[in-house]
Structure formats: structure tokens, C-alpha cells
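Okay, so here's the structure we're looking at.
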Amino acid sequence: MGSVPEPAYLYKNVVHDPAVPSVQSAKGMYIHLDNGQIILDATCGAAVSAIGHGVERVKQAIISQLDQVEYSHPGFFPNAPAMRLADMLVESTDGKMSRACILGSGNVLPQYSLRSEAVDAAMKLSHQYFAEEKPDTRRTKFISRRGSWHGCTLGSLSLGDFKPRKTRFQPILHPNVTHVSACDPYHALKDNEDLETYVARLKQELDEEFQRQGPDTVCAFFLEPVAGTALGCVAAVPGYLEAMREVCDRYGALLVFDEIMCGMGRTGAMHAWQVDGVVPDIQLVGKGLAAGYGTISALLINDRIVSGLKQGGGYFVHGQTYQSHPLGCAAAVEVQRIVKEYNLVSNCREMGKYLGMQLKLHLGDHPHVGDIRGRGLFWAVEFMEDKDSKAPFDSKLTLSKRLQTKGLEKGYDICLFAATGAVDGWNGDHFLLAPPYTVGRQDVDEITVISDQSLPPGDDLGNTDFQPEKWNESRTNVWRILATFYSFIVVGANDGAYGAMIHYLGKYYDADYTTVSLVFLSPFIGYAIAALGNNWIHDRFGQRGIALIGAGLHILSYLATTPHPPYPVLIAVFIVSGLGNGIVDASWNAWIGAMHNSSQLMGILHAFYGLGAALAPLTATYLITDRGWKWYEFYYAMAIAAGIEFLTSVAAFWSSTGSGSKDPDVCTDGTLSCDSSDNLASSAPPRKPTLESLKIPSTWVISLFLFVYVGAEVTIGGWVFTFLVDLRNMPLSTAGFVSFSYWGGLTVGRVCLGFLTPFFNSQRLAVLLYLGCCIFLHLTFCVVDDLRLLVLSVTLLGFFLGPLYPEAVIAQAKLLPKSLHVAAVGFACALGSAGGSVFPFITGAIAKGYGIKVLLPIVLVMLVLCLVLWLVLPEKHEDGRRQAPPA
């Protein structure tokens, strides 16, 4: 009593796991689970849902068929949808095949799996052909390939070589099946062996196997033109299928192509054999036939088989109750009409090339990615413990299964089809990607970005306990985090000091608003230079180089300011300080933004920026007004602070060196993996991460958001002091305190709201709420005169502005592959710095003609622009965002 009964449903696991969610609905290439997750179905289940989920036209075709007839036994009458489908299939082969036998069970519980029944039926048909044509009953044997998967019935298991599924049932499997090597150049191509020689070797092996079994005892040779689950999307190399055809013809055996997974457009041709022009005697099709809207498969046979059957009894001795089911056939007919009407096979071919290119671009330089291969929209990524020796991970690690599980975690929300056995039937981990034929470039970008993000970096791939890096996982990391926090105090102090300094610079250099506003514009040039060089510095010198160069430039620029050089020289010096800021800003943002609990850590990091930005104007105002310092003497204090930054950062990151100037290879071949056994491509151009990131729309949206946001942040912080002194006649010390309260609110907000944001249902909602509060508080600041209300509104404005920068960087980290983080964050920071330079400069230029009162409407416009840009930011998942073809 009190125990909850387990569900009656059984798939594989007898013990029910209540933590595994159930599917509630699906649309396009997204699956909605009962736990609220929306999963990106990047595999179409298992290369099934070829046109996506929930296509209305197919549903209506099934309903229309229900209104006519829901079932008729094929032994009594054929049905119209089955006959139409058979005509369509034969026509799609350009007359190379003559008949189509529709198998499977429509939309009800299958009696057999669609693949397994098709394979068993092909084995029966092969034997029947010889038994009736001659008759010749000696042909009872079959040859298949190692590393193949043909299904789960006893006949199909016998043909296959997927050992985890096969070994347990070996005693009861078909004894007359033998196996030869698959066409698998990545694992089997010998040193100094070209493809032509390799094909000749495989041809000789098959010939010898026929001789060993007795040439007149073999019914058929079974193979997958593009091997699917077990080998992982390995396409036949040029000349291979022709060679296999020649051997079969020499001994009179049949050639059978299992295209259940790779056929019906999946690999960029309606039938995979059409790429090489080698026609089989029997062909199996299935998964893409009805695209999941019906569970059917089919046998296609050529004139040779038809002629043999006619010489015998005139019929195929195979049939079952639900064969040629009207509902499944009606669904398949409509699916194939859509495929043809929207030219989806061509799209599959073109997007397949792009998918392969993007996978190789983003994953190809991972130290444990051994090969990336495929054709059309059918790709696999294989992992190796040692890429040089091609040694696989221990199968006990269940690496591919763990990667599939990780992909399904919240935050990644992607289906990656896990598979094993590519090396020897047991070992060799890979995952498959087989998105719907309807995908566009944006969909492919999303798939590759999330796949990259879900993949643990470097040596962590084989770590069964891998988690995102944590700040406290080692003493070294603790010191590094503390060093970055202090570094951001200096970065913030650098930016925050300008607001207080422009009042004194204007008087010292006798400069008007426009001229003195160049102080804001100069750091942008430094940030722009940093954006171009950040990724190179990071790759070449590692985080040690970032610490050395970034902090070193801070010291250099602050010491160069103390002699109070001529104004043009001072602007050049501020460019150098901006360069130092840009180098440090991008690298520490990218590192911490990818950590565990990134919202909280980024909030704290940027709180230290706010602390520096708050202390700098307060300290400068105090030293200049109360202690009688000159404005340039303040930069002695900044130089000392930068010296401490240099020592702490370099010491903390000394062991974090770069990987040299090695450029990862990129292969752009869309059909076959590269011939080189050690490289994914040997002649591809070097990567340009900044340019790559700029091809992704979210990079521009985030960068423009930061451009406007930092513009608003710095415009308020930089001009509020002058606004209060010049327009509202506030004493210098009081105005300095208000400026401090703004930066102080920014600091506190980044800490407090950084911890609050993860509790929202979505980051998008949280940021929208913060922006709404900012607009309200700015309007309050515009109308109040009371000092207490003014200080409160300015402080709270800073409080709600505070988390926006770190949340934008976190959003960018979620939307981009890890390989582009430093480059993309560097570009976004540069554009943010541009906003922090351009908008204060524009404000100063306009204020020259219309007075400092223009600060209020300018800031309001910027806050509204931030709101609009955040609304258009792409999300990883959007309900129904990308649909299958319309009705």
C-alpha cells in the first residue's frame, strides 16, 4: 500500500524511470515535452521525420483517407493509395526499377519494425527468385558487411554486425550469413594507399568470400550505400558500388541496397545509388517514405526479379495483415508530393553541404573529434581518445550515450543520435545528425552551435563526471577569479574616471563640449584594435598573454598621462588605455561567461567593474577638490592600481599558455570525409573566428544591444556630473556623490540581480523587466527636483541597468559555439565601447548647441532602443519558428 504502480508501457528498460519526460506535441523540428522543455530534433528521431512534425497537409491526407476506407486486407484487394505510392516510387527511379512492394503497417501498432520486415522480405525474395527461376535451391547463403545494421528481427540481425544488439541472440541467428569489410576509408585505408587501390582490395575480398562460400550458393550481397547507425554515415567512395556490382554479376548473385535510412532524399538524391549510377536488383526504402506519418517501408525490384518471379509461380510469397495499409500509404503519397513540390531533395543536398562545412568548422579542431563525415543531411561526428593513432574511447565509458544525454539537458535541449561500434562493432563512439529536409542556413547554424556547446572541451570529453568549469573547483581557479575581479576594478575605474575628468579637462585645455567629448571617443579605437587581435592573442599566448599585454598597456597609458601631454597626445594615450581594456574585457568575459552559475559570476565580475567606475570619480573629485591635486596627478594612483593588476593577473594565469599559431583545418567537401587519415582537411583556408561570428545574426543583435546599452550607461555616468553642475547648479561635491550613487547602484544591481535572474522562467523576460524599470526611473529623474528623490532615482537606474551587460554576454555565449566566444565577445565589447564613446560624444556635440538638457531625451531614446533590440534577439528555441512546408 502506498506504492505507485509502474506504467505498463515497455520499450527497452523494464524498470520505469519517472525522471524521463514524455512527448506532448511537436511542430516543425521541435518536440515539446511534458516537463516544459522544447527539444530541437536534429536527428528526425532516427532520420525519420524528413519534412518535420505537424505538417497539416499530411494530417489532412490521413483524415481524408479515413473518410474513404481505413483498412482493407491486401490479400483481397489492393487500395488506391498503395497503388499511387508504388507508381511514384518506380517513377522516381527513372524506370530502373519495375515494381514496388509496400510493406509495414500504416498508422497502427506495427507487426514488424518497418526496416526489419523489409530486410527479411528481401532475404526471402532473393531465395525465392533463384528457387523459381532455374529452379535452383542451392542458393541459401547471404553475404553482408561488417559494421552494418539492418534491423532487429532474426533475419536482419543475422545480416547486421552491430554487436551490442546481436551477440545475445547469436545462437538462434541465421547460420548462412557471412561478412566482409565495409567501405570505411577513415578506419581501413592503409598508409600510402589511394582510393582506387582501396576499392580494388575490397573487391578482391568480396570475390574471395564468394569463392569460399561456393559461388553458386550465395543468394545476395547486402549493403548500405551510405552506412548509417553502426558505422556513422559512411558513404561509398567513388568506384566502390560499381566494383561490388561486378563481383555479384560475375557469380550471378543479387545486389541488394538497404536504403531504409539513407534513401528517399536523405543523402541529397532521391535514391542513394543514383549518385554513383549503380542500380541494385532489390532496394529497400522506409524511414523517409512516410516521414513518420505512417510506419511503412517498401521493396523496389528490377526487371530481372520480375522476370524470375513470372517464370515461377508468378507471385511473391510474403504477406501480412497490415501490409500496404491505406492510411500509411496515403500519408506517404502526400509526403512525397511535398518533397517534390518544394524541391526538398535539392535543398537536402545544398543544406547538407553547408551542414558538413559548419560541423567541420566548429567541431573539427576539437582534440577528440576524429572524423566528421556524411552526405546530404546525414552526418556523423566520431570521437577518438587519440586522434593520431585513431584509438577509440573505452566502450565502458558509454561516451556517445552520455553526449546524447547531455544534449537533452535543459540549456542545450537538442537530440543527438548516439551510436557505437564504428571501429570494431563494440568500440567507436559517434553521434548522428539528420535534420529535416526543410532546414535553412539559420537552422543549420543553430544545430551546429548547440552541438558544439554541448560538447565538453578537450580532455573533459572522456571525463564521466564532466561539468562546466567552476570558479572554486581548484585553488588555481579561485585565484584566477579573484584576479579577474580586481582587473575589472581597474577597467571600471578607467571608464568611470572620464565623467569626472571632462569637467577639469575642459578648463585645463580650454576645450568646449565637443572637443572634450573626444575623451569618450578615443577608447573606442583601442577597443576596435583589440577586437581584431583578441582571438590571435588568446590562441597564441593564452590567458597569460592577455594578462601581460592588457595590464601592461594600462600601466603604460596611465604613466603617459601624468606629464599632462598636449591634448592630441592625451587622446592617443587614452586609445592605448582603451586597447588594454578591450583585451582584458573580452577574454575575462568569455571565460567566466561559459562557467557554471555564469549569471551570478558575471554579475559579480561586472559589479567589480561598477565598483571601479564608482570609486574613480569619487576619488578623483575628492583628491582634486579637497586635497588640491592636479587632474593628471590622479593617474599616479591609477598606475599603482594597474601595477597591482599586472602582478596579480600574470601570477594567476602564468601557467595558462596558448597553443601557438596553429590553424584548424576546415573541410568544405559536402559529400565525403576527407581522404587524409589524420586531418579533416589538408588544404582548407585558415579559420577567421571574427569573420565567422559576424555571419551569425545573434552576434550583430547582441553587439548592437551593447553598442546602445553601453552608450546609455556611459552617457549617464559621464554627463550626469556636468548636467547637475551646469544645469541644476549643484555643488561639485554633491554632484560627485550623485555620480557615485549611480555607479554604486550599478555595482549592487549586478550582484543582486545576477543572483535573481536565474529564478525567472527565461532570461529574456528578466531583462525586459529590468529595461522597463530603467525607462520608468529615467522618466522619474527627468521630472523630480527633490535631492533625495533624484539620488534615489539615479541610484535605482544604475541598479537595474547593472545586470544588462553581463546578461547580454551570457546570452551570446549560449547562442554561439565555444570556438567563437573570444572573437564574438571581443567584437561585441568593441561595439559596446563604440557606443560608450559615440553616444557621449554625440551628447556633448549636441549639448554645445542646445545645452546639456539634451541628456534626458537622448538617454530615453537609447533605453527604448535597447528594449527593441532585446525583443528581436534570436532564441535557441521558438515555438513553431521554423515550419515544414505550408499546406
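Backbone N, Cα and C atoms are what each Cβ position is placed from, and that goes for glycine too.
Please treat TrEMBL annotations as automatic predictions, because they have not gone through curation.
Looking at 242-266, 567-591, the range annotated in TrEMBL as transmembrane segment turns out to be 567-591. Beyond the ends of the transmembrane segment (634-654), by six or more residues, the same chain brings 476, 479-480, 482-484, 486-487, 489-490, 493-494, 497, 501, 542-544, 546-548, 550-552, 554-555, 558-559, 561-562, 619-620, 623-624 to within a C-beta distance below 8 angstroms of the stretch. Same-chain residues lying 6+ beyond the ends of the transmembrane segment (545-561) with a Cβ under 8 Å from its Cβ atoms: 483, 487, 490, 494, 537-538, 570, 573-574, 576-577, 579-581, 583-584, 587-588, 632, 635-636, 638-639, 642-643, 645-646, 649-650, 652-653, 657-658. Only residues 6 or more beyond the boundaries of the transmembrane segment (790-810), in the same chain, are considered here, and those with a CB under 8 A from a CB of the stretch are 589-590, 593, 598-599, 602-603, 605-607, 610, 702, 705-706, 709-710, 712-713, 716-717, 720, 737-738, 741-750, 752-754, 757, 763, 766-767, 770-771, 773-774, 777-778, 780-781, 784, 825, 828, 832, 866.
If you average pLDDT over the domain 'Major facilitator superfamily (MFS) profile' (480-877) in this model, you get 78. If you count C-beta pairs under 8 angstroms between the transmembrane segment (767-784) and each of 478-501, 567-591, 700-720, 822-842, 854-873, the highest count goes to 854-873. Most Cβ pairs under 8 Å with the transmembrane segment (478-501) belong to 603-622, among the candidate stretches 603-622, 822-842, 854-873.
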